[in-house]
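Here's what TrEMBL has on this protein:
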type	residues	note
ACT_SITE	Glu208	active site, proton donor
ACT_SITE	Asp341	active site
ACT_SITE	Glu450	active site, proton donor
ACT_SITE	Glu475	active site
BINDING	Thr561	Ca(2+) binding site
COMPBIAS	111-125	compositional bias 'Basic and acidic residues'
DISULFID	Cys404-Cys436	disulfide bond
REGION	78-125	region 'Disordered'
TRANSMEM	22-42	transmembrane segment
Amino acid sequence: MVFRKLPGVSASGMGLRLSQKFVFLLFLSGLVTLCFGALFFLPDSVRLKRIFLSKTETQPVTVGSGSENDAREHLKRLKNQGGMTPAKGETTTSSDHGFKGCLLKPPLGRDNGKPSDPKTNERREKVKEMMKFAWDNYKRYAWGKNELRPLTRNGHIGNMFGGLRGASIIDSLDTLYIMGLMEEYNDAKDWVQTSLDLNSNGEASLFEVNIRYVGGLLSAYYLTGEELYKSKVMELGEKLLPAFNTPTGIPRGVINLGSGTSWSWGWASAGSSILAEFGTLHLEFVHLSELSRNPIYTEKVMNIRKLLNKIEKPHGLYPNFLSPVSGNWVQHHVSIGGLGDSFYEYLIKSYLMSDKTDGDAKTMYYGALEAIEANLVQKSPGGLTYMAEWRGGILDHKMGHLACFSGGMIGIGADDGAPEKRQHYLDLAAEITHTCHESYTRSATKLGPEAFRFDGGGEATATRLSDRYYILRPEVIESYMYMWRLTHDPKYREWGWEAVEALEQHCRVESGFSGIRDVYTMTASHDNMQQSFFLSETLKYLYLLFSDDDLLPLEDWVFNTEAHPLPIIRKSCLQDDPEKRDEF
Ligand code: DMJ
């Protein structure tokens, strides 16, 4: 066609004079240069796809075949993936943060999730005010310490964090950020910059440091794209690795962050490790590998996964104590509450966080849920569904406040269960959440006890004096939030508001919020502790409950067990050309 348009040139190009040939060659080489240059200046197809396709429009990709959760598969992915860091010189803002290649929706939603309904918005504003009040008092009286003692107006350090400080600051970074409390957020960020010292030499709980510090810093990084959080979390991650140096690779519960020596809790039977502790590392460790491009963290948690997958389980259940030396169960106590809880949570969340590619996590989660239903789920004479504890085959008809997270967990997993079970799981999630709400409504303060029982004539009430306390825990409200997102049944927002009113009436004191010693009496006896998880979890879940669903949408984020949001790692990231990854 080009030939035909050139005057005096036949289609075959025969009979051209020398000067004509020269002009033709000049034109041709110009054309070639132009096309070649365009390759460099036009956006490549991957970039175009990212810009124009929403998540649901992305073409389905098959990544492996169900053994993706094998560490080797993960290594391959990581190598190809190249991390989530923004390219050099790329600035990040709240909606254009450090991993835009892998996240297709902004995390903060339209108008930061502000609900259009004025009453809901007023409630949301109230929760924000509570956060500001809790934060301001922490700042005034306990700045840099781990937690606030609101009655004595001083700081609490405790012995869980091995000499690390500022637990309330790290736990609050993301809550302050999503609530738009920017002055407070900036104070927190400055403290991380100038005062977060990771060179401590104390004895830390691996679990607590992981869920609060690693989780908090990861979320802060993913939400804001600030490199500061990334470098801090990388440094801290490395310090946790020696805890895995055991004959089985199952970490011990306590680690000295300076020397790296680790040991088991004195109270854990026969030097065992705790299921909820070594089983609650997966989400954070996979993200540590993603960010560092170092597969070691994923290898460590995949090793735990493999051992648990292989080991024989009594009635399909996972007991709470395991020897890090022999890799055998130490005793047969099973609980969905304390000592077991977040292990189950991390199975379903690992599956969701892997963009539903982690097949083993899925199989293990639904297998565990089946065993739980067959052995632990009970109905009280009054018709309340609850999760009992199991001691070598004998049921203890008690449910801990901690176990109330399971309403939300079963809810978020409902959709990926076997088709004939989906509605059943959603119903079960609603029933458990209802029971936990009953444990609140049956108390004088409308706050729930640490543990409630279904024997000795009681139903969803604490019968022992030692179980009557409430320490600002989030689990019941956490389940309201998930069930609201999943069903939009307005009762969950009403139940959340009841909790706000009760917290205001019984836990708010002059200089912060405090736990109470007895939920069944109106004469409050305060425990003088504003737990860091109140800022990280309880208030964040309340705020999300009264926000639109596009604030940290569940399709894009999973919350770690301390309510720190971590992005789902998209399959679409995996198909990237490794060379191109670095361009972002
Ligand atoms: C939090 O630190 C976490 O939710 C953990 O998984 C269980 N306990 C507290 C809150 O109750």
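Any Cβ shown, glycine's included, is placed from N, Cα and C.
Sequence features, as recorded in TrEMBL, placed on the structure.
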| residue | record | contacts (Cβ under 8 Å, 6+ apart) |
| --- | --- | --- |
| Glu208 | active site, proton donor | Met160, Phe161 |
| Asp341 | active site | Ala276, Ser335, Leu402, Ala403, Phe405, Ser406, Thr561 |
| Cys404 | disulfide bond | Ile432, Thr433, Cys436, Ser439, Gly448, Glu475, Val476, Glu478, Ser479 |
| Glu450 | active site, proton donor | Gly400, His401, Ala462, Asp467, Arg468, Tyr469, Tyr470, Ile471, Arg473 |
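By the rule that a residue counts when its Cβ sits under 6 Å from some atom of ligand 1, the recorded positions Glu208, Cys404, Cys436, Glu450, Thr561 yield Thr561. Helix, strand and coil counts from DSSP across the compositional bias 'Basic and acidic residues' (111-125) read 11 helix, 0 strand, 4 coil.
There are 28 other Cβ atoms within 10 Å of the Cβ belonging to Cys436 (disulfide bond). Neighbour density for Glu475 (active site): within 10 A of its CB lie 26 other CB atoms from the protein chains shown. In the three-state DSSP assignment, the secondary structure recorded for Thr561 (Ca(2+) binding site) is coil.
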